[in-house]
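Below is one structure, written out as structure tokens; the observations come after it.
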């Protein structure tokens, strides 16, 4: 038992309930599960909760296209999500849904407290409205001809063909992506959360140690720009919770989504009467609350969420831990390459423990992207887990069973055991601080020592000589005891292997029992515990991921409008989908001033689904450009890169600020979009000719 038991509540971000889990998602759930399992292994009271994020226009429209009720659709997705997580050995204490009575009551409670405390404002805004569906249209649900390059079938906030950004009212011949009708402007009353009122509290909290330094530094940029009131309203029809005392008005999905952490814990408390909700969420709570999230949702979790909690009389989280994205083979996950791998596709081919270990071996406390290099993945798992760890037992256990009645000897020389036990605090600190990669390196260094000990002693030679039987018994017993310590250290990462090893030793693996004397203890006959990664299975997984893409492309188009097939897959013949434009003369071309630019800063734009704000150095001058590339790049990936911009494009006033040019990109759009990157020999300000 740990010296003093902690009370801990830990969460992962809620997956959206309109599609399957993929390996990019799995990074976060594996990272959180390892941390939760470690806390429990140390004897702490730790509750790991999550839920499906089950509200919003995309879910409503997808259910309509499928011809089923949204409730039925999210119930099926919830079942699939839970099965994927269970098969990856992610051990939630509770997995719920934001579309629950607990969450409705919590969202209403928080909203009413914010309203009563003066933090909710109302004002009239103008939005495009679909007269046929009688619904207001978010930007991404309006399509038309780009006002800049005249490409048809573009979204209401940016053009996938030329990268231009604009407002929906600027589209030529705008149409509702829901019904095809021509939208009209209509006024509506919306409620806003007064985020600026919490600026002082948020500045203090974000610098309190609750966030990684990278996150806190990034949030300073939002403070410099000035916090804005946050629109928390959506108009009917909408799949979500109706706002109290406001018929036809619904909570925006990002209001009730983080409240889903509280709703899920409420649900757990109902199942476990010994748990107290207020003990974890009350304003004066001394319990610990931690959120694990992706770096793309830092803004919501580090500004809106703590402010909402503070304004409604609840405690703030102790920490919000962000992680980077997953790349595969050094590039963004790609459906066309077969590297956009669903969790279920992986599970159809490979052991989930392989991925748990590989992610752990590459994870740190920083917000770095993690590359799943499939060749390195196979080599590392085969070397570390099969060649070092399991091999330690497989090469010694048989002698104990066959020659020594399955019983372990009392170890006379405990030098190695003491050296292994001396590392427990170092490894514990690495788990606690989320430095899993460092923990794995420490453990594998110990595995190398243990294997070297066995190789030098060569018990397979000893057993051939009558006078060396006891020495062989000592070596094999010592090796198996070291194996037990190693697997105990790895138990948070490899729970299924740990379970098999517990059956082999016929006793539980606990941190408190690391130094247990197993003299005379009987072990079970050794059984194979882990197979090598076979590259043909890895290749089959990639091939099946490509097949899944083809099935999707051939299937009826049931996806929500913002996820059209054209936007999510790469055409094998770009000129077929996007023919060459009409010929222009040289004088027209010469008017365009293309310059090399270095991206010196990139950041998210609040309430913009596709935009990133870029600060571009063009050689002695800095330009601000809003680029519709958020679906393909995170800000951190762009900073420092060279690109090409249209430098003499007239500045355009947008609701987010002034855009002073355009960066160039290629690709059909969505995640398949690539900015142009000149050779490093080019310098900012150089003209492209």
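Just so it is clear, glycine is given a Cβ too, placed from its N, Cα and C backbone atoms.
As annotated by Swiss-Prot, Zn(2+) binding site applies to 146, 149, 159, 162. Close to residue 162 (Zn(2+) binding site) in the fold, though at least 6 residues off in sequence, lie 146, 148, 149, 151, 662, each with a CB less than 8 Å from its CB.
Neighbour density for residue 335 (ATP binding site): within 10 A of its CB lie 21 other CB atoms from the protein chains shown. A coil conformation is recorded for residue 335 (ATP binding site) in the three-state DSSP classification, outside any helix or strand. Annotated ATP binding site per Swiss-Prot: 335, in sequence order.
Per Swiss-Prot, the feature domain 'tRNA-binding' maps to 588-689.
The region 'Disordered' annotation in Swiss-Prot covers 554-574.
Residues belonging to the motif ''HIGH' region' (15-25) score a mean pLDDT of 97 in the model. Residues or ranges marked as motif ''HIGH' region' in Swiss-Prot: 15-25.
Swiss-Prot lists 332-336 with the feature motif ''KMSKS' region'.
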Which residue among the binding-site residues 146, 149, 159 has the fewest other Cβ atoms within 10 Å of its Cβ, if you could check? 149
For residue 162 (Zn(2+) binding site), just give me the three-state DSSP call. coil
Near the Zn(2+) site, what residues other than 146, 149, 159, 162 in the same chain have a C-beta no further than 8 Å from the centroid of the listed C-beta atoms? 147, 148, 150, 151, 154, 160, 161, 163, 164
For residue 335 (ATP binding site) and residue 159 (Zn(2+) binding site), determine the Cα separation and express it in whole Å. 22
